[in-house]
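Student: What TrEMBL shows for this protein is this:
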- Glu137, Asp157, Ile159, Asp160, Asp287: Mg(2+) binding site (BINDING)
Amino acid sequence: MDVENAVLELCSLPAQVLWSFVCVYRTTCRSPPGGGSTLLLDNEEEETRKYAEPLIGSDCRQGSTSEMADLWQNAMDHAVALARRAGEVVREALQDDRKVMTKSCSVDLVTQTDQKVEQLIIQSVKEKFPTHSFIGEESVAAGEACVLTDCPTWIVDPIDGTTNFVHAFPFVAVSIGFSVNRQMEFAVVYSCLEDKMYTARRGKGAFCNGEPLQVSGQEDIKQSIISTEFGSSRDPEAVEKIFLSLRSILCIPVHGVRGAGTAAINMCHVASGCVEAYYEVGIHVWDVAAGSLLVSEAGGVLMDVDGGAADLMSRRIVAANSRTIAERLVSEIHSFSPLRDDATP
Ligand SMILES: O=P(O)(O)OC(CO)CO
Ligand SMILES: [Mg+2]
């Protein structure tokens with residue numbers, strides 16, 4: 001049985017039993033220095049000291065203490081290293097001509113760099129964490145399923161802002177979210193042309209280049225900046241709803257409407273506090289998985305565009321600094337429902 005499955009099984013045990021196991025483990029199963037552990041990932045001693053926190057899954061919170069190991073830190077460290085490497089590939093590719101292809105329509109773009117970066121990330125993760133699952137933008141475009149299960153799952157957008165990348169418009173991100181039990185566990189968004197590494201761990205806060213992030217404290221939407229995108233659908237009904245929403249929000253009036261051209265960076269702007277809220281209909285789970293954790297860990301809220309609970313597969317999102325701003329925004333949005341990411345083909 002692999003490491004994570006062993007832990008998932010442990011998580012289904014009552015807290016008291018689980019805690020007993022941890023106590024027994026701590027006194028009997030420690031690896032010798034430099035030796036491998038049969039239960040915990042590499043660098044367990046160091047990572048446990050640095051980031052001790054509860055085991056995975058909400059059921060596992062009870063009975064856990066700072067002495068329990070943080071099993072996902074190793075994966076997160078790997079994600080950060082991969083995002084940095086991917087960023088180098090993106091920056092190098094900007095020096096050359098970029099061959100542009102299309103996917104669902106003539107404005108839904110993809111390049112060989114998107115595909116190369118996704119392969120780089122997925123191959124490396126498969127070698128290091130062979131039991132983990134993936135949802136990757138270009139893999140799904142190539143026909144793989146887009147289903148979120150309880151398994152540890154890497155949700156990868158190799159280039160968020162492909163249109164920006166094609167035009168060298170300077171906001172391009174590598175976005176890696178990691179979920180366990182369908183709950184985001186860590187997030188890495190690397191804004192590669194700004195060299196900004198955004199990271200978040202569930203329950204541990206959000207950071208940019210190591211500095212803590214905090215959403216804006218502004219609760220008056222008339223004093224706010226809102227970000228959104230027009231998306232790649234040119235369906236007249238969708239375009240009509242997008243413009244109606246934009247008009248309503250602009251005329252509240254808000255201080256301004258912005259859009260970086262990437263959902264991930266738009267959400268990092270909310271987490272950073274320079275934008276009060278971001279909303280969009282038509283995005284995909286790989287665009288917003290990592291950003292959603294960055295926003296919530298920076299103190300923000302996530303919501304559906306109709307005001308219900310956010311659903312990362314629904315292709316609809318509101319990410320705001322506060323419930324007040326999110327609900328005010330919802331009251332102005334003309335919503336529609338694109339085909340879900342996890343819809344059966
Ligand atoms: O550039 P991508 O990955 O297609 O994403 C777009 C939205 O789908 C910008 O967030
Ligand atoms: Mg994207």
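Cβ atoms here come from the backbone N, Cα and C positions, even for glycine.
Caution: TrEMBL annotation is automatic and unverified by curators.
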Student: Here are the binding-site residues: Glu137, Asp157, Ile159, Asp160, Asp287. Which has the lowest count of other Cβ atoms within 10 Å?
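Tutor: So among Glu137, Asp157, Ile159, Asp160, Asp287, the binding-site residues given, the one with the fewest Cβ atoms within 10 Å is Glu137.
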Student: Reduce the DSSP letter at Ile159 (Mg(2+) binding site) to three states and note it down.
Tutor: strand
Student: Around the recorded Mg(2+) site, report the further residues of that chain (criterion: Cβ within 8 Å of the mean position of the Cβ atoms of Glu137, Asp157, Ile159, Asp160, Asp287; site residues excluded), sequence-ordered.
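Tutor: Close Cβ neighbours, site residues excluded: Asp114, Val156, Pro158, Gly161, Thr162, Ala173, Ser175, Thr262, Ala263, Ala264, His284, Trp286.
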